Amino acid sequence: RTCYKTPSVKPETCPHGENICYTETWCDAWCSQRGKRVELGCAATCPKVKAGVGIKCCSTDNCNPFPVWNPRG
């Protein structure tokens, strides 16, 4: 399996046994100016996250590109 990974945001081969790609998003102190923080990677199972953290998991190659944010205006 290949997934996008941060910080490079380029497709990389996942370690053996990690067949899930994920996109995790959350707000920090700069969220209102910079948008949500994003982490991309591979996992054996879809990661469990805390309240306030978004997670999307998928199981095809390169299915977790960096999210496109709608500009405020």
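Placed from the backbone N, Cα and C atoms, the Cβ positions cover glycine too.
Values in this document were obtained by computation on a predicted structure and should not be read as measured data.
The number of other CB atoms found within 10 A of the CB of Cys21 (disulfide bond), across every protein chain shown, is 27. According to Swiss-Prot, the feature disulfide bond maps to Cys3-Cys21 (among others).
Taken from Swiss-Prot, the feature disulfide bond covers Cys14-Cys42 (among others), and the record attributes it to similarity to another entry. If you take the C-beta of Cys14 (disulfide bond) and look for same-chain residues 6 or more apart in sequence within under 8 angstroms, you find Arg1, Thr2, Cys3, Cys21, Cys42.
Taken from Swiss-Prot, the feature disulfide bond applies to Cys27-Cys31 (among others). According to DSSP, Cys27 (disulfide bond) is assigned to coil rather than to any helix or strand. Note: Cys27 (disulfide bond) has non-local neighbours Lys36, Arg37, Gly52, i.e. same-chain residues 6+ apart with C-beta under 8 A of its own C-beta.
Taken from Swiss-Prot, the feature disulfide bond covers Cys46-Cys57 (among others), and the record attributes it to similarity to another entry. Annotation for Cys57 (disulfide bond): spatial neighbours Ile20, Cys21, Tyr22, Ala43, Cys46, Pro47, criterion Cβ-Cβ under 8 Å with sequence separation of six or more. Under the three-state DSSP scheme, Cys57 (disulfide bond) falls in the strand class.
Taken from Swiss-Prot, the feature disulfide bond applies to Cys58-Cys63 (among others). The Cβ neighbour count for Cys63 (disulfide bond), using a 10 Å radius over every protein chain in view, is 17.
Under a cutoff of 8 A between CB atoms, and with a sequence separation of 6+ in the same chain, the neighbours of Cys58 (disulfide bond) are Ile20, Cys21, Tyr22, Asn64.
Counting every protein chain shown, the number of other Cβ atoms lying within 10 Å of the Cβ of Cys3 (disulfide bond) is 26.
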